[in-house]
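**Q** This is the structure I want to talk about, given as structure tokens.
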Ligand code: SF4
């Protein structure tokens, strides 16, 4: 019987399997950042262990770094954490892209950008949005700090075999509808726990037609509906993106890699444990109204009435969400005014996202009383955007043009919402307090973010 | 890691679903570089509310958290597990868990027990009617017992054995180092290798 893509990659990485034990899986690339690594390096030191494969380990500073300068981390606790990573990277011989380095950026933006993320790999990071790298046809998933230590010490992880799922995206996305709208609509359909225990393969024409950056947006949010990982089979789009990048294979290695990569598809006679279908042609610009990514609706809809949810726990979750978000059932989503617009994150902080937002903002102004932050996903994204003059469009519109990092996606650095402030954000989590204590988050696409900044309330470019 | 065979303690009823790890411990508490001292950040945004269950004196000594579905979704922060343990929790019972949280909890010896919603409902009612209700989470027997009820739960043999023996995963894996070395010898040359600092 045939195998799915995920099963092929899995099988190719089993170091050891034994009856009644999880498989021991080899890890091809381990990405590291300052927040989830200090206790892991400490553990190594205490046990007198080293990093087994520094050449398969890559570190960056992103969560705590400021976006208003490249030198000073004002908060002493944040600074200590970043300095701890610097010391650990030096002591253990790990490559680190520090604040101010030309390759610094959000861990899930720099891996692909450097060409270190490639098809058929196993990739882990102490960060749940590691699923982003699945866009290249690899098994990529987030791990905790104990597992970070385990990978540093052994370059392997014991892992129970996940189930497989197919998400079949039929039809075509309509003009003005983006990968972000698609994934938000999918999560609203399947629920935040819908993917639990599964590696999900996104398939179908609509997926094949997406750029690499759009595929990354989709895979990024796999974790938001509980999936262990999400992936897309590699194709010519993938290969064209990788060719010539710093860590991409070259010469004879490129040919060998290409031959291998072309076999990385789900066999026609393979079966998935679960299949889900969504029609891309029916999707509209989609936004969230609640406090988890599954609480979303088309922009043209209204805030739902909690009484309309049949499931008791969904109903009480909706009641609590409306109270936290200070929203009234029946309010048209387009009437929700925002204080802040955040364009950035590993979901939507890449060049295409900035281009899309800039095309909406061009010649327009951010509404009075609205603050818009534009935070590129990496120093390289910032550089490329400036080469195209996008920064001029943003600043002319009245938005703030920042340095790269996670920024207001999670508010570990000074970029936070104040209590009661409401944002439209291109990030991936609208959890209570995620962007700052008491802050209220609506997840949106870059296009909707830009239109919202201009209108002052949730809006699509067509509304302007 | 301490051995875990069975734990008996009182319960804390957390009647919420989709409790994500940002709620369990917000990002501002993650800046520390140590493994302990996270209890003050536990559910910190909710602790301001005097009616929040952890603020009620009758639940102060609870060691078994009983929560709604999708507990521990979201971020991979293991700090969520450390904060729950620092507070004194030994086990969390919920109808469904976020995968990464569940993995982290099993690494650190905080037992995540998946029980059906009706069992969780029964536990909530029992604990709310009498906060002194004892809940036994019996890993050896794979069973939760409380208020005259008993529910079986599943956990794979290997993880159960590892927890009952209190074994550390890295040590277990390193017993197979020869397999790792053999695997590495067969890896394709086109796999990326990061330029390590000189
Ligand atoms: S941008 Fe946000 S989601 Fe992405 S790695 Fe940073 S904090 Fe996590």
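Counting starts with 1 at the first residue shown.
Each Cβ is built from the backbone N, Cα and C atoms, and glycine gets one as well.
Just so you know, TrEMBL annotations are computer predictions that nobody has curated.
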**Q** Among A:417-440, A:441-464, find the range that TrEMBL records as region 'Disordered'.
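**A** Range annotated as region 'Disordered' by TrEMBL: A:417-440.
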**Q** Go ahead and report the DSSP secondary structure tallies for the region 'Disordered' (A:417-440): helix first, then strand, then coil.
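**A** Going through the region 'Disordered' (A:417-440) residue by residue, I get 0 helix, 5 strand, 19 coil.
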**Q** Using a Cβ cut-off of under 8 Å, list the residues of the same chain at least 6 residues beyond the compositional bias 'Polar residues' (A:420-430) that approach it.
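**A** Non-local partners: 129, 180, 220-221, 224, 287-288, 290-293, 295, 325-326, 336-349, 353, 408-410, 436, 438-446, 448-449, 452-453, 458.
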**Q** Which chain neighbours of the [4Fe-4S] cluster site, leaving out A:346, A:406, A:409, have a Cβ atom within 8 Å of the mean position of the site's Cβ atoms?
**A** A:62, A:63, A:106, A:108, A:129, A:344, A:345, A:347, A:349, A:377, A:405, A:407, A:410, A:427, A:428
**Q** Taking the Cβ of residue A:406 ([4Fe-4S] cluster binding site) as the centre, how many other Cβ atoms fall within a 10 Å radius?
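**A** Residue A:406 ([4Fe-4S] cluster binding site): 32 neighbouring Cβ atoms within 10 Å.
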